[in-house]
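Database features (Swiss-Prot):
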DOMAIN    3-93  domain '2Fe-2S ferredoxin-type'
BINDING   CYS39, CYS44, CYS47, CYS77  [2Fe-2S] cluster binding site
Amino acid sequence: ASYKVKLITPDGPIEFNCPDDVYILDRAEEEGHDLPYSCRAGACSSCAGKIVDGSVDQSDNSFLDDDQIGGGFVLTCVAYPKSNVTIETHKEEALVG
């Protein structure tokens, strides 16, 4: 399956379709969008975003705790879309600040 992903960035929203077996960050880059990242392994907060609507599978994440995930935070480098999803990007400061 493939889902519509909408990323709300400081430069404005971007939308693309993302298969459910491709990480959202990887697909965004394939579409030509620059997003923040560091480790690409779900072990830091550089790529953090916040889910506005929809759901993801980020079971490869090792950084976020259950409370942060419950609060809507997502690591885009290890997030597969599980529905049409809207995510606010560039949320590292909100997460760790």
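Each position is counted from 1, following the chain as shown.
Keep in mind that glycine also has a Cβ here, set from the backbone N, Cα and C atoms.
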Practice problem: Would you list the other residues of this chain near [2Fe-2S] cluster - those whose C-beta lies within 8 angstroms of the C-beta centroid of CYS39, CYS44, CYS47, CYS77 - in sequence order? | Solution: TYR37, SER38, ARG40, ALA41, GLY42, ALA43, SER45, SER46, PHE63, LEU75, VAL78
Quiz item: Cβ-Cβ under 8 Å from CYS44 ([2Fe-2S] cluster binding site), same chain, 6 or more residues apart: which ones?
Solution: SER38, PHE63
Quiz item: Just checking, which of CYS39, CYS47, CYS77 (binding-site residues) has the fewest C-beta atoms within 10 Å of its C-beta?
Solution: CYS39
Quiz prompt | For the domain '2Fe-2S ferredoxin-type' (3-93), mean pLDDT (0 to 100) | solution = 98
Exercise. Using DSSP reduced to three states, classify CYS44 ([2Fe-2S] cluster binding site) as helix, strand or coil.
Key: coil
